[in-house]
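Structure, as structure tokens:
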Amino acid sequence: MIKDKEPRKGQNGGRKSYGSEPPVVCSFCGRTSQEVNSMVAGPRAFICDRCILSSVEILRKEISAIRHPDQSPEPAFQPRLKSPVNIKEALDQYVIGQEQAKKSLAVAVYNHYKRLDAHDWSSGDEVVIEKSNILLIGPTGTGKTLLAQTLANLLEVPFTIADATSLTEAGYVGDDVETILARLLHASDFNLERAERGIIYVDEIDKIARKSANVSITRDVSGEGVQQALLKILEGSVVGVPPKGGRKHPEQQLININTKNILFICGGAFEGLDKIIARRVSKSSMGFGSKVRGKQTGYDPEILKLVTQDDLHDYGLIPEFIGRLPVMSVLEPLDAVALRNILVEPKNALVKQYKRLFEMDGVELEFTDEALERVVAIAIERGTGARALRSVLENVMIDIMFELPTRKDVQKCVITAETIDKTGGPVYEKKDGKERKIA
């Protein structure tokens, strides 16, 4: 017999009262029927769905040990922990520049997963190491998302990206914070143990800053309310998550995820934060005033490196939320040299990707130095950092990649500055040795 968590309705439509009857309690864990999804009743005992799942897992391991006595027991999931130096070296292969940010991330991630190892071996009387979530501050296209993605790949842990602008308070149109955890659960193929040691990157976190410091009669459902909702999962708590995502509803069974070991990396451009810092610094007697006043426009990483928690509070983040992000790192804007290196140097550089695609069609692809310089110049004009590089190249390469697979006589394709500017086509080298420039 199975008892649902809700008491049965009486014939008059009201709830049936237990009266003097004691509540149904699991004989193994002591949870009541109101605390679980379902309860199985025996002649003299009850067992809840959670204890059933735990029992199945225990029996599975025991049966496996009997059938395969020489096989070592299945180890608990452990991320591939590397030293900060090794972590940074791995990041260097994919992320150009941002030396200080990579060092900060390497140390923070190393300490985070070392903390998990310490917790696993803890006897209960050692110092408790708190979780160090990370805040990345930098303009769009500087590599915030790429840094987080590369870290997750390096450690071989589940990873998901959430857009803070899509989050709203529970009860309003939009995603609630549990949706983020549902995505992480999907990324781990519903392996709860892996999900609980994953990494979540929350992008555009600056967009959930309070719209105004003044109290308003209108609810800020995508600002301070979302910050409050994120607090519990940032610090660590057990959250019921709908396995299929979406909003929770009373009839839905939930998967409980403990977030205390999930690493959260939050990133945002924080436009205007440098002005808040500049005003604070200019009021001090440290001689910065004259230096700062001339830098009231544009992105100034040197000013942002002076950021404090008070500055973030003035920007619109609540103190409790700021306190959950103890590690802060400022990313540098990318100059022309860095953008050019991004095109050709990383393991998955855009130029290398296009060369590989052409190679699959039996064609060698080459970019002239002038062509790369034009790509960089156009990207700088657009002002979106490294993100503009792909859009510039894709706009140029789309017609070439459309036509080339049907050109069996071509063995080499050269992209020139004229190709990038669309004042001329690429130079094709045919298999007979002749060259042809497409107008």
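The backbone N, Cα and C atoms fix where each Cβ goes, and this holds for glycine too.
Positions annotated as region 'Disordered' by Swiss-Prot: 1-20.
The domain 'ClpX-type ZB' feature in Swiss-Prot is assigned to 14-67. Per-residue pLDDT, averaged across the domain 'ClpX-type ZB' (14-67), gives 74.
Residues annotated as Zn(2+) binding site in Swiss-Prot: C26, C29, C48, C51. The Cβ of C48 (Zn(2+) binding site) lies under 8 Å from the Cβ of C26, F28, C29, R31, S33, E35, V36, S38, M39, V40, each of which sits 6+ residues away along the same chain. C48 (Zn(2+) binding site) falls within a strand when secondary structure is assigned with DSSP.
Summarising the annotation, Swiss-Prot assigns ATP binding site to P139, T140, G141, T142, G143, K144, T145, L146 and lists sequence analysis as the type of evidence. Neighbour list (T142 (ATP binding site), Cβ cut-off 8 Å, at least 6 residues apart, same chain): Q98, L331, E332, P333, L334, G385, A386.
Annotation for K144 (ATP binding site): spatial neighbours L136, G138, Y201, D203, G267, L331, criterion Cβ-Cβ under 8 Å with sequence separation of six or more. Secondary structure from DSSP puts P139 (ATP binding site) in coil. Other than the site residues P139, T140, G141, T142, G143, K144, T145, L146, same-chain residues with C-beta atoms no more than 8 angstroms from the centre of those residues' C-beta atoms, the ATP site, are G138, G267, L331, G385, A386, R387.
The least crowded of the binding-site residues P139, G141, G143, judged by other CB atoms within 10 A of its own CB, is P139. In this structure, the binding-site residues under consideration are C26, C51, and the one with the smallest number of other Cβ atoms within 10 Å of its Cβ is C51.
For the pair formed by G141 (ATP binding site) and C51 (Zn(2+) binding site), distance between Cα atoms is given as 48 Å, rounded to the nearest Å. Apart from C26, C29, C48, C51, the residues listed for Zn(2+), the same chain places the Cβ atoms of S27, F28, G30, R31, V36, M39, F46, I47, D49, R50, I52 within 8 Å of the centroid of those Cβ atoms.
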